[in-house]
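To start, the structure under review is shown below, and the notes come after it.
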Amino acid sequence: MTSFPERVFSGIQPTGNLHLGNYLGAIVKFVALQKTHECLFCVVDLHAITVPQDPKELRQAIRRIAAAYIASGVDPAKNIIFNQSQVAEHAELAWIFNCVARMGWLNRMTQFKEKAGKDRENASIGLFAYPALMAADILLYKATHVPVGEDQKQHIELARDVAQKFNNDFADSIAANGHQGGFFPLPEPLIQGPAARVMSLRDGTKKMSKSDPSEFSRINLSDDADAIAQKVRKAKTDPEPLPLAKDGLGGRPEAENLVGIFAALSDSTPDAVLQQFGGSQFSTFKQALVDLAVERLGPIGAEMRRLEADPAYIDSLLREGSRRAREIAEPNMCQVKDIVGFIR
Ligand code: AMP
Ligand code: TRP
């Protein structure tokens, strides 16, 4: 296998409000990776329309994700921040990948099963083909590393399968077009950390999610200090004090979740958090968590509101980011067309 220069790609869908799971599972990693890697951070609006969206709200939501990236500390000058629909090559490569990926692969995707629910016949074809578009997002830039939350692991594995199958199916043409070894890298997910899967504040066995009907299940990046305090105080817990070490969190999903959130927000580990709070009652721990969350998230929410008040500025950043993304995407797409056998 050829070695590829390291490049990071990730994306977030402009649907609903961004929550603590998105922040800790994804955006915090983006902020760290920009120091060491060339990075592209996408607002995946083509993915958003796999389920119905109101056009006005979609536009707002696209700007809100861009604002969240920037407010969290992703530098738009150093990194490429853009929205997917402005780079036509995403849809073009996705079509080719629709012809590489197999029905059987997509049939196994748990996110499709969850999102389609019982009425599968009525799900859009886009929702089913969603992972092939995600593979195109990543491979269009030959990205090697993909920071995401745990729920996306299966989709990244599918992107690896697509890359591998393309490399195999077109091996002769890839060589005839002068490329050594495989054409696409096999991208790696970056998932580790204490908050790879942030759980609902109402039920420690369910993922924190944009689609949960209860607002008390999640902390939004746009929540003010009062909302954060209320949600943490109301968070479900058990009657025992906190354990002295991580092992003691087994079978206590709510405690494990809150300790994981505390660890992630303080750039620490669950064991270190329990060294400080082991033996404490939840009331004490929750107050410390409120203070920490407000200190960490408050300025981000305020900066998001400031940026969102100037949509023209965000739109111009997205246009510039898209222009820079196209500079990488266009030549790669031309090579793919040559490999597949199209005339251009
Ligand atoms: P989405 O909102 O589905 O576009 O997700 C955007 C990013 O946030 C992806 O990398 C997800 O894996 C991540 N993410 C979403 N929910 C959670 C969660 N509850 N815990 C950790 N990461 C999450
Ligand atoms: N499917 C991802 C999610 O729901 C979003 C996404 C789309 C993505 N394309 C991507 C993430 C490419 C990483 C890389 O969270």
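Keep in mind that glycine also has a Cβ here, set from the backbone N, Cα and C atoms.
Under the heading ATP binding site, TrEMBL lists Gln13, Pro14, Thr15, Gly21, Asn22, Gly149, Glu150, Asp151, Val198, Lys207, Met208, Ser209, Lys210, Ser211. Annotation note: Met208 (ATP binding site) sits in a coil segment as assigned by DSSP. Just so you know, the Cβ of Met208 (ATP binding site) picks up 25 other Cβ atoms within 10 Å once every protein chain is counted.
A Cβ distance under 8 Å defines the sequence-distant neighbours of the motif ''HIGH' region' (14-22), meaning residues of its chain 6+ beyond its ends; these are 43-45, 48, 51, 53, 58, 61-62, 64-65, 68, 83, 149, 195, 197-198, 207-211, 218-222, 261, 293, 297. The motif ''HIGH' region' annotation in TrEMBL covers 14-22.
For Asp137, the entry in TrEMBL reads L-tryptophan binding site. In three-state terms derived from DSSP, Asp137 (L-tryptophan binding site) belongs to a helical segment. Packing around Asp137 (L-tryptophan binding site) is summarised by its Cβ count: 24 other Cβ atoms lie within 10 angstroms of its Cβ, all protein chains included.
Among the features that TrEMBL reports, motif ''KMSKS' region' is placed at 207-211. Residues 15-22, 151, 197-201, 217-218 of the same chain lie 6 or more positions beyond the ends of the motif ''KMSKS' region' (207-211) yet place their CB under 8 Å from a CB of it.
Secondary structure of the motif ''HIGH' region' (14-22) per DSSP, as helix, strand and coil residue counts: 3 helix, 1 strand, 5 coil. The average pLDDT computed for the motif ''HIGH' region' (14-22) is 94. The Cβ of Val198 (ATP binding site) lies under 8 Å from the Cβ of His19, Leu20, Gly21, Leu24, Gly25, Gly149, Lys207, Met208, Asn257, Gly260, Ile261, Ala264, each of which sits 6+ residues away along the same chain.
In sequence order, Thr15, Gly16, Asn17, Leu18, His19, Asn22, Arg218 constitute the residues six or more apart from Lys210 (ATP binding site) in its chain with CB-CB distances below 8 Å.
Under 6 Å, Cβ to nearest atom of ligand 2: this is the test, and of the binding-site residues Gln13, Asn22, Asp137, Val198, Met208 it is passed by Gln13, Asp137.
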